[in-house]
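Notes for the one structure printed next.
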Amino acid sequence: NLNPLAFFLIGTSGTSAQSSATNNYDYAYNSAVSPTTSPNVDAARVNTFYIGNMIHDYTYKYGFTGSAYNFQNDNNGKGGAGNDRVQISVQDWTGSNNANFATPADGQSGQMRMFTWTYTTPNRDGALENDIVIHEYGHGVSNRLTGGGTGRCLQTTEAGGMGEGWSDALADITEINSLNMADFTLGSFVTGMAGGIRSYPYSTNKATNPLTYGSLATLSEVHDIGEVWALIWHEIAASLLLKYGYNEDRFNTEGTGGNIVAMHLFIDAFQLQPCNPTFLTARDAIIQADANRYQGANKCLLWQAFAKRGLGTGATSAKADNTAVPSGC
């Protein structure tokens, strides 16, 4: 369901990945030389192909299926428009120190562009940082699931910022590997800096990450806005892990671990929120998703996570913190 391409240098055409009769695509990455050197470019293509297909399968398991407007060449007669697999441009020549994902309507291929990063010598390849690949695919997930497959329902600044947040949160949830929700950073490899590319690590510790809903009053750039939304999801996932424990098999959608519950709510809530959602309407969609799937078993846990970061029951569009929770919580 993916078609990774590698673009070399300035304006040259892409070359498709090689075939192998034994399906053996094993390339030894050499960190001492440029990412454009063979076999580094092959290693990058293999990694994006693997991670892209993994996240396709992972999100499919939880409901991002053909009938829910996913990216898939053949929907096997199960609804939705096919012929829209993701095309990935590795070492794309049109940019650096970034990556992007274009999400057209269902039935048209998503376009992921992965760039090289110039923070280090030699430069590093974004296609080799799994959290960045997952982040970019996450744009396709949020844009397709919100508003019924149009790819046009995260257009306001707030909704677009939340789109960045969902992408960070998808990487964060996907990489959960223990009962304890570790602090999460994005872009540490490509920058060569432990703090990565966000203002703070995602952490349940307010001394480590002080952001709250009220921070939005002074934020206008979409990635900055997204940091607040992704942090709220980090709080939700951490609370669910403490309540339910951890399932090692993230693909087991029948599991009872907190990481499984978090992923169900993550996918379910998209289809319950309106086009161009706000923090408030997306919050309410998560509460409703829990009511629909778990009969509200996590209502208070969710409200406490929201309230901890200022998105309590009394929060308004004025972007001031509110820590109130419903009676009984």
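Every residue, even glycine, has its Cβ placed from backbone N, Cα and C.
Automatic prediction, not curation, is the source of TrEMBL annotations.
The active site feature in TrEMBL is assigned to GLU136. Every protein chain shown contributes to the tally, and the Cβ of GLU136 (active site) ends up with 27 other Cβ atoms within 10 Å.
Under the heading Zn(2+) binding site, TrEMBL lists HIS135, HIS139, GLU164. In the three-state DSSP reading, GLU164 (Zn(2+) binding site) counts as helix.
The signal peptide annotation in TrEMBL covers 1-17.
Taking a C-beta cut-off of under 8 Å and a sequence gap of six or more, GLU164 (Zn(2+) binding site) has these contacts in its own chain: VAL222, HIS223, ILE225, GLY226, GLU227, TRP229, ALA230. Annotation for HIS135 (Zn(2+) binding site): spatial neighbours ALA99, SER167, ASP168, LEU170, ALA171, LEU186, criterion Cβ-Cβ under 8 Å with sequence separation of six or more.
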